[in-house]
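These come from TrEMBL:
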| type | residues | note |
| --- | --- | --- |
| TRANSMEM | 25-50 | transmembrane segment |
| DOMAIN | 41-290 | domain 'G-protein coupled receptors family 1 profile' |
| TRANSMEM | 102-123 | transmembrane segment |
| TRANSMEM | 135-158 | transmembrane segment |
| TRANSMEM | 204-226 | transmembrane segment |
| TRANSMEM | 238-260 | transmembrane segment |
| TRANSMEM | 272-292 | transmembrane segment |
Amino acid sequence: MDNTNWTSVSHFVLLGISTHSEERIPLFLLFLFMYTISISGNFAIIALIISAPHLHTPMYIFLSNLALVDICFTSTTVPKMLQNIFSPTKTISYMGCLAQTYFFICFAAMENFLLAAMAYDRYIAICHPFRYPMILTRVLCAQMVAMCHVLSHLHALLHTFLMGQLNFCADNRIPHFFCDLYPLMKISCTSTHLNTLMIHTEGVVVINGALALIIASYACIISVVLRIPSAKGKWRAFSTCGSHITVVAMFYGTLTWVYFRPLSSYSVTKDRIVTAMYTVVTPMVNPFIYSLRNGDVKGAFRKWMNRIWTSFFR
């Protein structure tokens, strides 16, 4: 396209999930409900882990960090989407759009790294149970969490910087509910070859590297569990991993479907529904998955509720 057709974009228009006016109220109520459940559920997990001393172990340190990341992850996109549903302009500033892209990528990458750290925790707990306290010390846990944060911010900085190098045409309408990479690349007037290349190289290394660690951890776990003679022992070992496997499948399944395909095959209309799955639905159900399938969390939750109930009616 000739340079004379390029223009400096000061803002974008986020068209949202639906452009039909009759769907505004149902969509607003649905996403407000999911956002409220997500925030309250993840805050409850964090408060529960902080208040229960027996949950101050590596597994629950990682889980509390995952809950915090889920709160930040949904808060990056949902409040702006709720505001835009009834907004006549539905605008977001250029810098606000880049900031939203940055934090969205950052928290998605952080969840990716934390899920890998949690898989490593399960590997040590099941394959090397007697050495678990010596290997996964509090210092190592803190270092792993810090590394998750550093790598996530570097990953987000790279892709946001590349996005900032693109030029955009007069048509600044994004048929999405937030500033995601592919929808922005779709409306760019300049070549997005480098952006796509980095998504399919560095992005694949970041996502698949963590996924490879998860798969390797569970391969070792399965190998050890299958050597346990009793069925009860096998079930007990696998039950400690069930919630983590469920979250991993939901997160990586939707993430891979949306991003690791050619840009030409990306359909904003269809794929924004899948995007809503891992930006809103997955963070909402994570607290329920980890609490309903975990005896320690359920026990701590009952004690916590009893304490609240007793202090309230004292």
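Using the three backbone atoms N, Cα and C, a Cβ is placed for every residue, glycine included.
Non-local neighbours of the transmembrane segment (204-226) in the same chain are 109, 112-113, 115-116, 119-120, 122-123, 126-127, 151, 155, 234, 237-238, 241, 245, 248, 252, 255-256, 260; each lies 6+ residues outside the stretch with a CB under 8 Å from one of its CB atoms. Below 8 angstroms of C-beta separation, residues 58, 61-62, 65, 102-103, 105-107, 109-110, 113-114, 117, 121, 124, 128, 198, 202-203, 206 of the same chain, each at least six residues beyond the ends of the transmembrane segment (135-158), sit close to that stretch. In the predicted model, residues of the domain 'G-protein coupled receptors family 1 profile' (41-290) average a pLDDT of 87.
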